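Marked as signal peptide by TrEMBL: 1-21. Residues or ranges marked as domain 'L,D-TPase catalytic' by TrEMBL: 207-340. As annotated by TrEMBL, active site, proton donor/acceptor applies to H300. Taken from TrEMBL, the feature active site, nucleophile covers C316.
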Amino acid sequence: MYKAFVSVACLGLATAGLVSASEAQNVAAPRAASVSPIDMNVLHVQVILGKLGFSPGVLDGKRGQSLTAALRGFQEARGLKVTGEIDPATLRELHPYRAWRPTRELIVAPSTAKGPFTNPFPDDPVAQSKLSALNYKNLLEKLAEQFHTTPATLVALNGRDARLGAGAKLVFPNALPLSRDYPADLSDQWRATLGGLNVTADQPEAARIVVDKSDGVLRVYDKADKLVAQFPATMGSSSDPLPLGKWTIKGTAYNPTWSYNPDLLKTADQSDPKVEVPPGPNSPVGVVWIDISKPHYGIHGTNEPSTIGRAESNGCIRLTNWDAARLSLMVKPGTPALFQA
């Protein structure tokens, strides 16, 4: 296993609000959040693409840049005309997988509902360093991440007055994995993390990966140089651009502790001390860090999945926690990584 501590020169610049613990007792979202009806046809396409390895980001039943990118990747991989649209040819290619329904009705298990949760949740890394873990803030946030969606989407699927807690029967986007038979050499803790994020165990082996800034995606190719997976990504900014060039994967840290060093972060308060920020799904680097051969840079998860592809970062590559965890099953030390504009 790779080091459990990571020191990085990159961090997301955007944040977003989430519901408070009191609001989370019912399936309720912030008043500013959209609870518009879900387009179930779009959600069905998102679900199938995600299970096939072409992640649309959050499963929300909405068209947008992440779904367009996922469609383009899938179309390229299947030899279709690349349109980025849900066109007839693409629907025919998706048709054999129609049994993967867009939603599942499930009962919230007591083990899921009990937490632990971290609320109130400090935004400051120095304050975060005093905590034992950066857990989910509440059950609504936890369920949203487990099913690769947003709190607002769960509200739209279940209504504002639906009960939230152990034993509650709720409708979720169908992010359930195709298998949970994770590699035996992984730690029990990491296997539990993969299961909690509904990551499918059986993944293709990456012969190389390409991070493409122009398209805002990370692509995975197998030994036959076939595109086998694609994930939306946040990568760099005008002040901290993506480090272009040829790199290699050095290793992977699971549920890492983040070594916060303000000297490496242009947006940090330079009066802050260096501290160790504990692990957890709400860590600024998410649940996994995939180290690359450029010092202080890597591919990692996020505490704000809905911002992937829309926010900026300080040079690193951010994926949703579930996509970063999935990628960790595909790569290994020595895997080539091309970062291109």
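Even glycines carry a Cβ here, placed using N, Cα and C.
Caution: TrEMBL annotation is automatic and unverified by curators.
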Query - Surrounding CB atoms that lie within 10 Å of the CB of the residue listed as 'active site, proton donor/acceptor', all protein chains - result: 30
Query raised in the report: Which whole-number value in Å describes the distance between the Cα atoms of C316 (active site, nucleophile) and the residue listed as 'active site, proton donor/acceptor'?
Result: 8
Query raised in the report: How many other Cβ atoms sit within 10 Å of the Cβ of C316 (active site, nucleophile)?
Result: 26
Query raised in the report: What are the DSSP helix, strand and coil residue counts for the domain 'L,D-TPase catalytic' (207-340)?
Result: 14 helix, 51 strand, 69 coil
Report summary line: On the domain 'L,D-TPase catalytic' (207-340), the mean of the pLDDT values is 91
